[in-house]
Amino acid sequence: MLLWTAVLLFVPCVGKTVWLYLQAWPNPVFEGDALTLRCQGWKNTPLSQVKFYRDGKFLHFSKENQTLSMGAATVQSRGQYSCSGQVMYIPQTFTQTSETAMVQVQELFPPPVLSAIPSPEPREGSLVTLRCQTKLHPLRSALRLLFSFHKDGHTLQDRGPHPELCIPGAKEGDSGLYWCEVAPEGGQVQKQSPQLEVRVQAPVSRPVLTLHHGPADPAVGDMVQLLCEAQRGSPPILYSFYLDEKIVGNHSAPCGGTTSLLFPVKSEQDAGNYSCEAENSVSRERSEPKKLSLKGSQVLFTPASNWLVPWLPASLLGLMVIAAALLVYVRSWRKAGPLPSQIPPTAPGGEQCPLYANVHHQKGKDEGVVYSVVHRTSKRSEARSAEFTVGRKDSSIICAEVRCLQPSEVSSTEVNMRSRTLQEPLSDCEEVLC
């Protein structure tokens, strides 16, 4: 009777006592630490049938062992843990469950970040530095981190203490996807950076222009295709087409390679020197010009005809000099005095007589010139004397004489003209005054 009374008094005390509790160590827990859970009874009370739970879900069962090794802790190891087990009290055994314990796993260092200096798109031949950056937790700053670098699935540098990798004289072949990995020395944590694309910018080579048309020179209405290609150069590449330095079209090649321009020949103005230009972020190059001739065209608008431009002013100047010389000559000829009146040709069968005409012209005080002209005329021509004009050139000149007079022979500056007939008397001839 006394035994049952003692048991009844003991049971309420059991309900009020925390018989189990869960411990996690180390504390605090960092990534890579060996995480251990221990389910312990009050005052080291023996336990059996121990079960572990995380976030209310069954995790592990052990008949006798009260300790559970979780291995290297990770961020995914965080959670609320608890345990349960059978507690043995004389003379009975009952099952108890511990309170939950929150396990926080601290990040040892954040994932690294890879950067390229001075730029992930460096110019060909420049120095490129890859830098892998991260930082240890202040409570674990005494650890030593090791760095490794990789590209397109290949290891460029094994683990070492240097967080940088230098690429001297970058080439187009150095373009690709890079990343780095960081791990503490002797630890099991390893973190990888996001991939970084490095694109080495190579200058474009001189493009090659090709003309495609029929076997013969194209005519108006035919189609002509221009192909432009730069053998090397980092994309994207912008291609521009020119006709005699005037742009006629452009195309972009996002991946590089060849681009084309197709157009119909509309007129002879489509003939000339064609060229193309390739340009990227580094350089710009122009191709050799290609001449397009049209069938039956006489004149091509090509830069070769530009040589006429510098000679045009010289030609005009030469013409002006010749015109001025002619003008001076005509004016000096006119100052020399008018020529005698021209005599029209005599009518057929008419009698002719000689006609002498002297013209005296004094240019200065001490000199003079006498012009003598001999004509033959007849009386029948008198009726047509009104038709005489200066523009007639068919008069018959028998002889002409130019004689210079001395000052003693000239009495005045007036012009003295006289005419005389032949000494032989002619019935149909008469004296004519000019």
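If you go along the chain as it appears here, the first residue is 1 and each next one adds 1.
Even glycines carry a Cβ here, placed using N, Cα and C.
Positions annotated as disulfide bond by Swiss-Prot, on the basis of sequence analysis: Cys39-Cys83, Cys132-Cys180, Cys228-Cys276. Here Swiss-Prot flags Asn65, Asn273 as N-linked glycosylation site, drawing on sequence analysis. Positions annotated as phosphotyrosine by Swiss-Prot: Tyr371. As annotated by Swiss-Prot, transmembrane segment applies to 308-328.
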Site of maximum Cβ density within 10 Å, from disulfide-bonded residues Cys132, Cys180: Cys180
Long-range Cβ environment of Cys228 (disulfide bond), under 8 Å and at least 6 residues apart: Pro207, Val208, Leu209, Thr210, Tyr239, Phe241, Thr258, Thr259, Ser260, Leu261, Cys276, Ala278, Ser287
Among Cys39, Cys83, Cys276 [disulfide-bonded residues], residue with fewest other Cβ within 10 Å: Cys39
Structural state of Cys276 (disulfide bond), classified by DSSP into three states: strand
Least surrounded among the glycosylation sites, given as Asn65, Asn273, when other CB atoms within 10 Å are counted: Asn65
Pairwise Cα distance for Cys39 (disulfide bond)/Asn65 (N-linked glycosylation site) [Å, integer]: 9
Rounded inter-Cα distance in Å - Asn273 (N-linked glycosylation site), Cys180 (disulfide bond): 53
Cα-to-Cα gap, Cys180 (disulfide bond) vs Cys83 (disulfide bond), nearest whole Å: 41
Residue pair Cys132 (disulfide bond), Cys83 (disulfide bond) - Cα distance, angstrom, rounded: 43
Inter-residue C-alpha distance, Cys83 (disulfide bond) and Asn65 (N-linked glycosylation site) (nearest angstrom): 12
